[in-house]
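A short write-up of the structure that comes next.
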Amino acid sequence: MQKYVQSDYKHDPFHLFSTEHVVTLAIISLLAILLFLFQDEVKQPRASRFLRSLFVFLLLGSQIGYQIWMVATDRWSVRTSLPLQLSDLSVYLSAIMLVTKSRKLFVFLFFVGIGSSIQALATPDLGMFSFPHIRYILFFISHGSVFLSCLLMAVIGTYRMGQRSLWVTVLLVNVYGVCIFLIDRWLGANYMYLTKKPGGSSLLDVLGPWPWYIVSAEAITIASFFILYWLYRIFKK
């Protein structure tokens, strides 16, 4: 078992859309479908409290576990290990949202949390760490829980959302991106992949060279926000 927690993993590296990856995505998708199929049961106070508590535990537990693993294996670095990616930030904000039921956090995370978690789940930057390594397991628990937490709050909540909320979220993401770019320059880091593309396969590979892939990613982000907004309006009719 020790080999599944070591940083020098002697196993097949992670392959995008391998059998293990597809099965993991299928499990998360099935859980999402079950949330909607059993939404009347999920809305019951006892069930909703249990699910919110469960996801808070999974979100924080997976992130704390990841940070402990990074430190224990001497992989932790201020340039790579701070929770500054949008998907990582969404983990902590999702935990706060589940506890407080904040409308503002829900609106922000419905766009950013779902959008970033889908991208992270579909094109994870895992390098050599394939299933059943602890890095793989913690990664998918973390980002899968963000995705499912946002869907859970969409099901049990009565939040109203207009186009203004969409554009405020776009503005906040861009302001955050500028701050992260400055941090990247200061640390020599690559948070949010603003200075170069990630090493593994990702959507950015088809969006052109730096800095044009950032402009293309911005357009895709806005388009995806509109799709999520449209789906939410249909669901809440």
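The backbone N, Cα and C atoms fix where each Cβ goes, glycine too.
Listed features, source Swiss-Prot:
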- 16-36: transmembrane segment (TRANSMEM)
- 53-73: transmembrane segment (TRANSMEM)
- 80-100: transmembrane segment (TRANSMEM)
- 106-126: transmembrane segment (TRANSMEM)
- 137-157: transmembrane segment (TRANSMEM)
- 167-187: transmembrane segment (TRANSMEM)
- 212-232: transmembrane segment (TRANSMEM)
Would you say the transmembrane segment (106-126) and the transmembrane segment (212-232) are touching, if the rule is that at least three C-beta pairs must lie under 8 angstroms and be 6 or more residues apart?
yes
Counting only residues 6 or more past its boundaries, what in the same chain has a CB within less than 8 Å of a CB in the transmembrane segment (16-36)?
42, 121-124, 130-131, 140, 144, 147-148, 151-152, 155, 200-201
